Each structure stands twice: as C-alpha cells, then as structure tokens.
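Undergrad: After the structure tokens below, expect a handful of questions from me.
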Amino acid sequence: MAESPVDVLLKGSSGQSTRGLLKVIILVTIAAAAVSSRLFSVIRFESIIHEFDPWFNFRATKYLVQNGFYDFWDWFDDRTWHPLGRVTGGTLYPGLMVTSGVIYHILRFLTIPVDIRNICVLLAPGFSGLTALAMYLLTNEMSSSPSAGLLAAAFMGITPGYISRSVAGSYDNEAIAIFLLVFTFFLWIKAVKIGSIMWGALTALFYGYMVSAWGGYVFITNLIPLHIFVLLCMGRYSSRLYISYTTWYALGTLASMQIPFVGFLPIRNSDHMSALGVFGLLQLVAFADFVRGFIPGKQFQRLLTASIILTAGLAFVGLVVLTMSGVIAPWSGRFYSLWDTGYAKIHIPIIASVSEHQPTAWPSFFFDLNFLIWLFPAGVYMCFRDLKDEHVFVIIYSVLASYFAGVMVRLMLTLTPIVCVAAALVLSYILDTYLKISSGPVTRGRSNEDASEGLRSARTPEVGITSYFSKAATTSSIIVYLLLFVAHCTWVTSNAYSSPSVVLASRMPDGSQFIIDDYREAYYWLRQNTPANAKIMSWWDYGYQIGGMADRPTLVDNNTWNNTHIATVGKAMSSREEVSYPILRQHDVDYVLVVFGGLLGYSGDDINKFLWMVRIAEGIWPDEVKERDFFTARGEYRVDDQATPTMRNSLMYKMSYHNYNKLFPTGQATDRVRGTKLPAESPQLSTLEEAFTSENWIIRIYKVKDLDNFGRDHSNAVAFDKGNKRKKATKKKGARLLRSE
Amino acid sequence: MRPFAVVSALCGLVLSSSSIVSAQSTAAPLPADFKPPQVFKNVNLVRNTNLEKGYARETINVVVENVDKDPQSEYYLSFPSEVFDRVGGLEVRNKKEAEKGRLDVEAVEIDSLSDVRYLIAHLPEPLAPSSQITLGISYSLLNSLHPRPAAIEQSDRQFLTYSFSAYVPSAYQTVTQKTKVKFPSTNVPNYTATNLKTGEDPERQGSTYTYGPYDTTKVAPGTTHPITVRYEFTKPLITASLLERDLEVSHWGGNLATEERYWLRNNGSTLLNHFSRVDWTVANYQQSPSSAIRELKYPLKPGSVDPYFIDDIGNVSTSRYRPSKGNREANLDFKPRYPIFGGWNYSFRLGWNNELASFLRRAVHGADSYVLKVPFLEGPKMAEGLQYEKVVVRVILPEGARNVQYETVEGPSSNGLPSADQFVAEFSSHKTFMDTLGRTTLTLTVESLTDEARDSHLVVTYDYTLFDALRKPVTITLGLFSVFAAIWVVGNIDVSIKKR
C-alpha cells in the first residue's frame, strides 16, 4: 500500500473515505474519458449508424420499439432474403435491441424525447464506460494493490482494441457484449473465491444476458469449465468450486436456452459439451471427495483410478456415438476455421470473404494494444508468482485468447480485456514498488492478508527501492510510456476507427472537409422514388444498409445464412446477360445496385469484391461459373482491353462501366481504382437500363427491363432501336411471354 | 373545435383588423340545382391570370351593381366544383377601402353532385339598390398546371398547359369582361384563339395575352368557353403535399424552436428515359435550366441559430447554411441529396432556434398574459413559387398556458391566407421533457396554400403564471427527493439470512 505519511486525510478512517471518494472520482473520470473518446465520429460527421451489421440491429430495434416485444419475438421478415424471408425473431441475439428498447421506454416514461437512433448510436460508448468499471472490479479481484484496478479500468477505457468495436454509431452486439463478458468473469471470480450460491447465480444471470447479446458467449461457456478443469487437475478441488460451478452451470444453461436462437444447442452442440463434461466430472470428483472421508487411502486410490478411467471412457464413447448418430451436432464450420486457418478458404468462402475473419497481422497487435502487448507476458508471469484460483483463470484466458486473436482479426476483441488486466497487474506492481517516497525497507502490504491462503510465494522477503534516482528514472519512463499510450490511442481512434463508412470524408484543396455522401444519396432515392415493394438485388454486403436506409426488400444480406441464395446472386452478377436475365426475373428483381469506385478511386467497390462473388458462385455451379475464366492467360485480373471475354460480358462488369466513358474524352476513360485505361467502347446493356447514378458514381442502380412487347429478346430489341435511330425506350407492360428458363 | 375568439385589446401589436368567424349554420346542404338570387350585376370584370409561378394566381376586379329593390349584402362567388378544392388563399376586398381588410367569406354547403360550388362574400354594409361597389377577388389555383408532354428527355424544356374558361365563372350576369394572362416568357407555342369578339383574340403583347373584352350581356351566367394555353416553363413545379410546422415556446430557455417537415414532390414533366448522371453533370456544368429541383433557397430570420437539415437517414450533407451577419437574413441553401425530377419525391425536415424575446411580449393589461407573434408560414423563397396542399402549424406553448386565443394578422394587402373559417383549429396537450400536465398545443390546419402566404403572421395570446413556470423545477426536485428517500429506505432493510 502506497501510503504517504504526510497527509492526514490519507490516514485512519478519514483516509479510508478519502481514498474511496478519490476512487469514485477517478472511475467516473475514466468512464467519462472512455465515453468521450468514442465520440469522434459524432462530432466529425453526425449521429449516424456505422458500417453494415449495425444497420440491421438498428432496424430490428426500431421494429421492437414500434411493435412491442412479442411481435419482435415472432418477427418474420419478408423484406429480406426475397423470396425466402427470414425468421428474424428466432435467428438473432436480442440482447442488444432489448437493451436499447428498455432504455428507450424508460426515457419515454420520464417523457424525455430521445430519438431511438441516438440511443442506438450512443449505446456502445455508454457501455464502454460500464466496461471500464467492470474491469476495475475484475482486476481488483486479482491484485491487492488498489492501483491495479484503476489502471486496468483506464486501459480498458481507451485501448483501441476495444474502441474499434465500440465507437459511437457502431451499434453491434459487441457494444454490450464486452461489458457483459468482463462483468460475468468478475462475478465468476467472485463466486469461485467466496464459493457462494448468490455470486454463482449472479454469474449465471449475466451469462444469460451475455448469451442473449452475442454469439461469443461460447467463449465463456468453454473458458469457465476449462478453469474448473485445470483447477481440478491441479488438485485444488474445494466445495467453493463445486458450489459456484454447479450453480452457474445449471442456472446459466437454463438461462441460455431461453434464447430461441440458442435453444437446445447447450445440450446438443459440440461447442457446449465441455461445460457438460466438466459438470459431470465435478460430480464425480465431489463424490470421490465424499467417499474419501469413509474409505482408507490405498483402496481409495485404486477405486478412484478405476472409476475415473471407466467414466471417462464411457463418456467419450457416449459422446462419439451421440455425435455419429446426429443427436449432438458436430463442431460448426466457424469453429473449425478457428483451428485450421485454411479451412474456411477451401470449404466456406463466404466466411473467408469477410475481412474481419482473416488471420491477424502482427503489427495489428501493437496497433490495437500499444505497450500493453509487451506488458502482457509480464503480467501473466506475475500471475504465476501468486497462482491463486483467480490467477489460474487469467493464465488460461490469456493463452486461449492469444491463440484466437492470432487466428481471426475480430477476436482481438476478446484478448483485449485480459491484456488490460495483465498489464495493469505489472504496472501497478512496478509503480507500487517505485513510487514510495519513504526510504528504507518497506513491507509489501498484501503479505498478511494473503498468507491465510497458504501461498508460499506470497511471502516475499522485505525489499524496497531506496535510491531516489532509480525511482525517478523508472517512474518517469513509465509515465512517458503511459502518455505515449494515450497519444497512440487517441490517434488510432481518430484516424482508424471513427469513420462511419456510410459517409466518406475527404479534404477540399483549401483544407475544409468535403463529404462524399453517395451511399445515402442513392439509398434515399430508392426510398423515395421506387415502389415500396421493389426488390433490390445487390451483393450481400449492402443488404442491411438497403434494408435500413432505403427500406426496400433485398435478395441477400449480411446475415449470410443461405449460401446458395448468395451464390445465385453471385452467378447473376458474374454471368452473361442472357444467363442473368432469367435469374433476375425468377427472383422478381426490380433494381440491381452496384458499387463502383472507379471515378473516385474508392477501392472497396464491387469489381474488387467480384472474385469472391465468382468463387462463391463457383462453389454451387462449378460448371457454369469458373474463376479461371476471369483471369487472363497470364493470370492477371484485368478490366481494360485485355480483360477476358467472360469478364467483359459479365453483368457486373457491364453495370460498373456502362456509359462511364462518356465522362471522358474519347478513349481517355480511366478507372482510378485499378489504375487502367478502359476500352473506348462502353459495354452495351440490353436487359437492364440505368435508373440512377449517384453524384460520384459510387452507387449505380439499374432497372430490370420488362419483357419485350413484341416478344423479341432484349438484345434484338436494342439493336432494332439503334438501327432505327429512334429512341423508343418505353417498353411498358404488354402481353407476357412464358419465361425463358 | 373551440369557437374562435377575438382578442380586441392587443395594445402591444398593431393590427388593422381581425377576421371573425361567424358560427357556421348547420342547415342541410342546398340542392344541386340551386341558383343564387340574381340581385347583382357585374358591370365590368377584369381577370388577371398570372402563370409566372408554379401555380396559377388569379385576381378578379369586378364592379358590382345591385339590381334588386332592396339593399343586398350577400355576393355569391362561384367556382366549378373540380377546382373548388384547389382554390387557395381566397380573399375578397372592397377595392375602395382595401385597408379595411378582407370581407368575410363563407362556403355554401351544396349537394355534392352540383357542378358549381358557391361562396358567399358578406359585404361590409348592405349595398343600396342601383349603387355600385368594386370588389377585388384574389386566389390561387393549386395543381392547375399540367405538363405537356407529360414525359420529356432529361435535357428537354418543359411546357405546361393551363385551361380556363373565356367567360369568367360568375353567379351573376356580366356586362363586359376580359382576361389578361401573364406568361413567364414569350414562348407560347399553342393557345386557343376565339371568335367571341371582332378582331384578333387574344391580343398578344409580349408575354401578356388578353382575351376580350367581351360583351356578355346576353350570355347566361355559368356559360363556359374553354381555352387552353401551352407555354414554356423551365422551372420545377414544387409541391409540398404536406408541411408540418412546429413552433415551440420555452419561457425558461427564452427560446422559440421551429421545426418544419416537408413532403415535397415535383409536379413537372417526368423523365421519358431514366435519369442520366452524365447528362446531369453536363447540364450543371453549363448551368442550363432544368425542370428538376436543384436547390431550395431558404432565408431565415436574423438571429436564427442552430439550424439543422435532416431527412429520414440523417444529415443532408449537400446543403449549406450561411449564418446571418448583423441584421441581415441568414440563408439556408437546402440542396436535396439528388435532383428532384418530375414525379420524384423528397421529404426532409429543417429546424432552427430563435430568441424568444423578439417574438413574445407581455400583454399590457394583464401581468400574466403574453402575446406571441410568429410567422404563420416561412418556407423557401423560390422564383417559381411553392404550393402547399396541406399545412399543419403547431404552436406548442409552455406547460400550463391557459386561455389561448389566436388570430392571423391582416394588413392592407393580401397575406395569402384564406379566411378564418378555413382554418381547422385544435387544442391538445403535448408531453415532453419531463412534463407533468403536458404543454398546451394549438394545431392549425389549412389546405391549399401557396408561398404568397410567406409573410403572414399568427398572433397567439395566453395566460401563464409564475406558478406554472415553477411547476417543473418543483416536480423534478420532489421526484429526485423521493427517489433518494426510497433508496435510503430500501438500503436500510436488512434481508440477510445470517443469524444475528
């Protein structure tokens, strides 16, 4: 304990309350910093929902607020995945929407008129403030030093690894899930430490909340049993473990089964089997512990060995049999891709096509965590020095999360909390050691309290730093690191994680901000000027945004539950018009939307994503769509004169470059993303016609033509019109032909 | 609906007159073949039709003579029933005493099958037999201009048609009459020529075409002679199918918050082919006229602050706000996300704040009585004009405001608003920002307005005491206090199951 003797306020009972008050003030300040550092995008742009998935969550929240909870629960959405629809109420994690809905209704009850959009935008920053508090509580359980918790809270508040998923407007499940994750772990540690049913039940309660909020709950489902298992292997069985684990498992599993999307998974899916297995094992161990009270040592050993081998074998055989017979679902594909990073690319291109599912590049560890990443191993080492039950937890968590974070970029999020804990343990230890002004040997305060647990490593000899120079040098370098950390976090947050991606910003020559708002321009055009039931086909990335902003039915969206349907869209995009048109007609498509960055140099456009469409389509129709045909003989992916005929005849290519050359002098048309000159001739579209193009050409919308009045096919009709030199493009409804399949 | 009340003593404000609504008679509608009593004669009638804007504005000056034996005071105005619902901002004045304000006009309930609908203008004093009075009747006809051809190429020029009768519809016999039509330009490719008079008809003079004068002594009232003109109009036909306008008064904040929600539509020619961005870029570069709405110029009062312009999906980032300097008007250049071509829609909302002091003052005679004078309609100022099919103005007064009365300000010239009985007023309560009772809200609904009404004002008087002002702070204090008390009580309950 760093107690300075000078201040009366810091001593005795008044010192207690002063320190308590200081802690509260510091925590509130940390929470405020956590919230405000996430508001860059609101200040720079506006209060707007970001990216892709949040648009769905936002739309679902609006549905919940307007129609009430039961309608939301039973929601069948016929405006997505046309013509299949989606049982939305049963296929989502409702925690996020319900949380916003509850906040909304509380505010409405107090007659405070807050727009539901603002609640959704600010939910993530708000919960990040709570995460910082939860982090304080969790770290406090790990260390006796009061500064560790505060440091961890501060780290958690501003570390970019967490900010990346929780800036204002990033209304995604992770927004509340990380708070729930940390808080559940805190409750779990508390339960293990005390062995109390109440804390175990609380853990189960928040675990249930977590299940309702994020698919990442499986991490808790596996981490807690693993903690118990490791403790058992270390021979640390105690009634505390038994009470806390069985309480958590029984109540938590019941709670998790209340979510329709989870349903019976906890007892039927391999991902959840470890929790069940450990539950059984714990019963055996408890029984063995009970029996040991009655049977002498030697016989007990034999009985124990035999029974463990027997039950373990039985359980394993049972598991295999149940899996083979299909009662227990085998591991899900996403889970496999955690073990084999190449798995997804071969078997499930749709998972591999998402950038956040790529393996992490090593600089991003430093980018997201800065100096915490090199304090992290030291913190884990510190845990080995004490090695109480809770420290075992930190070690297991660290090992698992490090592995997962290396496999998938998005799982950096689960690593971040434990890095903050570990780094805070180290830093608080260093600061506690070096910051004491008083000279002479100082006793480390925790030794007395911890001795009761019987850990020999806790009883350290009396040591201390006496030299003022080394104190000053160490503390000042730590302070420099801390300041650099803050600067780095601010920089990263401001530059990397605060772009809504719906709105793009650039600078005018005079330095003023210029906003490129093509997405909303086109979406709003769709919303205002097309029939409310016009079906929009686009690549699945834009499905949620079209649903949210344009309020029109879509064929595929970011939910990606039906690979075949996505492949159908991929096939329509990557085939010739004669092949695509029947597909469009069969799916009632009215408008096709493509994203084209060629004019502006916007690299996230559909031509760059095109190969994924081809690959996904090829997965279903290997005879009709071939990735190879889109590459030149020399294996290049080109869009200019050298592009392959397949490429140039594909619907996507035609839609992207249709009429584009008219913007340029003859033969000068340039694609600024690919950096190539385009063919002098514009691609000819006969089955689609351009309906709208946004200001900077980022979004292009095409209308699917109706069948020809005279029963010609469209290419003939277009040729006829051209030959006649008459623009008679009005092809209104006429006698319909049978569909040309 | 409460009866409309007149506030006579508003010493703080200069009002030349106020419109009064007489209690509507609830008699059964008149039969379809109803003819007004022929007690008047139109000695001379001149109709000016102005087609320079996106709607037709007609002004009729008529010399009326009483041909009956008794003094008469009810002059019937007649409109064909198909245009009756689209007549906006009708006003009748005695031309000789224009500063005395408008005459009271009352709609005649008539069987819905009738071809003609009537309104009664009440003359200020009964007209003695064979004496004359000159009436000025002005109104706008909404949605009366139709694009021909209905669909054009994106770069083509737009032409509109307007149809009317050479004989001005009137309930009475007319001796001479003529119609002057003012076009926006001299390009009038098609118009109906008549042989109703000797010589050329219409007479053309620049962009003004004059039909008549006709001697119509022998023509029965209600006879029509259809005329259609087709003329170039390169600007959009901006139509707001609905405008909701909220004015929120806050005494505590000293703030008048205005929010307007528009549902816009362009009634001009639709696009023959689809929208072409290339052509639009070229047209913008050449600054060529277009029938699409590019931008709405919205002047705001000096001192307007915190403007916002959003639509359903957020900030309209294409728009700009230029704040006012000194006493000059601030300017909001509202540019929709995309050009609004014929048949396209766009909805959006605007809002801003003003200091309340320049709109509100205490009434002289009552300490707790306030007078609020606010613009009834603001809206964009466009050369091509704007027509509003329906306007809903909500004045949200402070919580506890009582005794609310309203009226529109009349000046010596037309303010573009219809007479008071065309307003549908409703009082309700609006709960927001921790209100307990809810704020008194006055909702006024008017149909068929044009931007002629831009400068009209609305005066609202109400009583508001100090106790009303203190209600909210007291409520919040009590609320917080009870929460703390509840927490204290709950915190002191011992629920532990430990042995003590």
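Each residue's number is its place along the chain shown, starting with 1.
Here the Cβ of each residue, glycine as well, is placed from N, Cα and C on the backbone.
All TrEMBL annotations are machine predictions without curation.
Summarising the annotation, TrEMBL assigns compositional bias 'Basic residues' to A:724-741. The feature domain 'Oligosaccharyl transferase STT3 N-terminal' is assigned by TrEMBL to A:21-422. The domain 'STT3/PglB/AglB core' annotation in TrEMBL covers A:536-585. Sequence annotations record features per position, and here TrEMBL assigns region 'Disordered' to A:721-741. Annotation source TrEMBL lists transmembrane segment at A:21-43, A:91-107, A:119-138, A:144-163, A:175-202, A:214-234, A:246-267, A:303-329, A:365-384, A:391-409, A:415-435, A:478-497 (among others).
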Undergrad: Counting only residues 6+ away from its ends, which parts of the chain sit with a Cβ under 8 Å from the transmembrane segment (A:91-107)?
TA: 57, 60-61, 64-65, 69, 72-73, 114, 116, 119-120, 123, 171-173, 175-177, 180, 209-215, 259, 261, 559, 561
Undergrad: Looking only at the domain 'STT3/PglB/AglB core' (A:536-585), what are its DSSP counts of helix, strand and coil residues?
TA: 32 helix, 3 strand, 15 coil
Undergrad: Under 8 Å between C-beta atoms and at least six residues away from its ends: which parts of the chain pack against the transmembrane segment (A:391-409)?
TA: 142, 185, 188-189, 192, 219, 223, 226-227, 230-231, 234, 337-338, 341, 355-360, 364-365, 376, 379-380, 383-384, 415, 418-419, 421-422
Undergrad: Excluding the flanking five residues on each side, which residues at least 6 beyond the ends of the transmembrane segment (A:21-43) place their CB within less than 8 Å of a CB in that stretch?
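TA: Distant contacts of the transmembrane segment (A:21-43): 50, 121, 124-126, 128-133, 136, 146, 150, 153-154, 156-158, 163, 166-169, 489-490, 493-494, 498-500.
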Undergrad: Averaged across the domain 'STT3/PglB/AglB core' (A:536-585), what pLDDT does the model get? Just tell me the whole number, please.
TA: 92
Undergrad: What stretch, picked from A:119-138, A:365-384, A:415-435, A:478-497, has the most CB pairs under 8 A with the transmembrane segment (A:144-163)?
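TA: Going through each listed stretch, the top one turns out to be A:415-435.
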Undergrad: Below 8 Å between Cβ atoms, which of the listed ranges A:365-384, A:415-435, A:478-497 makes the most pairs with the transmembrane segment (A:119-138)?
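TA: Out of the listed stretches, A:415-435 contacts the transmembrane segment (A:119-138) most.
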